[in-house]
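Copied from TrEMBL, the annotated features are:
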- C63: active site, nucleophile (ACT_SITE)
- Y195: active site, proton donor/acceptor (ACT_SITE)
- W96, R130, V131, T132, V133, E148, S149: glutathione binding site (BINDING)
- 172-296: domain 'GST C-terminal' (DOMAIN)
- Y253: site 'Lowers pKa of active site Cys' (SITE)
- Y296: site 'Lowers pKa of active site Cys' (SITE)
Amino acid sequence: MGQLVDGIWHDEWYDTKSTGGAFKRDTSRFRNWVTADGAAGPTGQGGFKAQTGRYHLYVSLACPWAHRTLIFRALKGLTPHIDVSTVHPDMMSDGWSFDTDFPGATGDTLFGSAFLRDIYLRSEPECSGRVTVPILWDKQTDQIVSNESADIIRMFNSAFNDLTGNDDDNYPATLRDRIDALNDRIYDTVNNGVYKSGFATSQKAYDEAVHPLFDSLDWIEGILSENRYLAGDRITEADWRLFTTAARFDPVYHTHFKCNRAWLREYPNLWGWTRELYQWPGVAQTVDFAHIVRHYHYSHPTINPNRIIPINPVIDWDKPHGRGG
Ligand SMILES: N[C@@H](CCC(=O)N[C@@H](CS)C(=O)NCC(=O)O)C(=O)O
């Protein structure tokens, strides 16, 4: 675990001393957009036209943010158009590595690099900041397009439609206000809330994260008791963004990150909804519990210094979800 400062790797854990024990997530650095015609997107530079084979995705199968991009790649028929390299689940003193001695860790299939930071340095030799997955890489101009998963799933949702013929819309214009409001609360208190709880190094910071997390799970349970999906009767981006956290909740966050007021599977509607999304065509193939369980317990020495992988509950992900009847 570490970060780049002016192109030099520094091996250091998250700084929580300056924030009273609270984990603060950095904003992502590369914010360009692939668009259908190559025009600039909402942020960054233009010049990234949607083309088959041009872009490459770097992911960790453990990471909930990278997982979103794999789900959108599957749902939107992008698998033949965008290839993928998968890092090793153990994130050690050199950060994410391209070691291949774990099933499903592919190495860097583009350049054969040793570490994920080599991809950042290839794009920007004097780069500063955290070395995170996912990364969307442009083979044509040899640079990172984006390292922000929220943006990458929006690009995947629409930019490649002419190539794939898939116009399923997970961010429909009529529901955008609703989706944005859901995303705001769920990002802060749930997707990031589990990390804020788990990485807190003071009681106060933990308390300030874990109570809003469970308040939000109660609120979500209420929504899902009256609606099939978060924004109503159709599935949207808001559901997929929550799903990757929900899938990791009982295997990891409940125990490892001390999010243990309840198990996710104690919320009947949220648990049924999570299984429905897991069982959605193409999605189970993007979920890898071996990477998920291994990564968190192995890579956070401040939380789990002996790297013992817990036994974990046996969860029947394929049990009929009972939603929508
Ligand atoms: N805002 C980013 C966050 C990505 C992120 O934090 N990824 C984690 C893995 S779950 C990571 O690579 N962390 C490495 C680090 O912080 O050094 C996104 O959503 O794309």
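Just so you know, glycine gets a Cβ as well, placed from its N, Cα and C.
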What is the Cβ neighbour count of W96 (glutathione binding site) at a 10 Å cut-off, with all protein chains included? 27
When you measure from each Cβ to the nearest atom of ligand 1, which of the recorded positions Y195, Y253, Y296 fall under 6 angstroms? none
Minimum Cα separation from Y253 (site 'Lowers pKa of active site Cys'), reported as the residue among recorded positions R130, V133, E148, S149, Y195 that achieves it: Y195
Within the chain of E148 (glutathione binding site), which residues six or more apart in sequence place their C-beta under 8 angstroms from its C-beta? S28, F30, R31
Return the maximum Cα to Cα distance in Å (whole number) over the record's glutathione-binding residues: W96, R130, V131, T132, V133, E148, S149. 17
Compare the C-alpha of T132 (glutathione binding site) with the C-alpha of each of the recorded positions C63, Y195, Y296, and give the closest one. C63
For the binding-site residues listed here (T132, S149), which one has the lowest count of neighbouring CB atoms within 10 Å of its own CB? T132
Measuring Cα to Cα, how far is C63 (active site, nucleophile) from V131 (glutathione binding site) in Å? 13
Calculate the per-residue pLDDT averaged over the domain 'GST C-terminal' (172-296) and state the result as an integer. 98
Which ones in the same chain are close to R130 (glutathione binding site), with CB under 8 Å and 6+ residues apart in sequence? Q3, L4, D26
Measuring Cα to Cα, how far is V133 (glutathione binding site) from Y296 (site 'Lowers pKa of active site Cys') in Å? 14
On the three-state reduction of DSSP, what should I expect for R130 (glutathione binding site)? strand
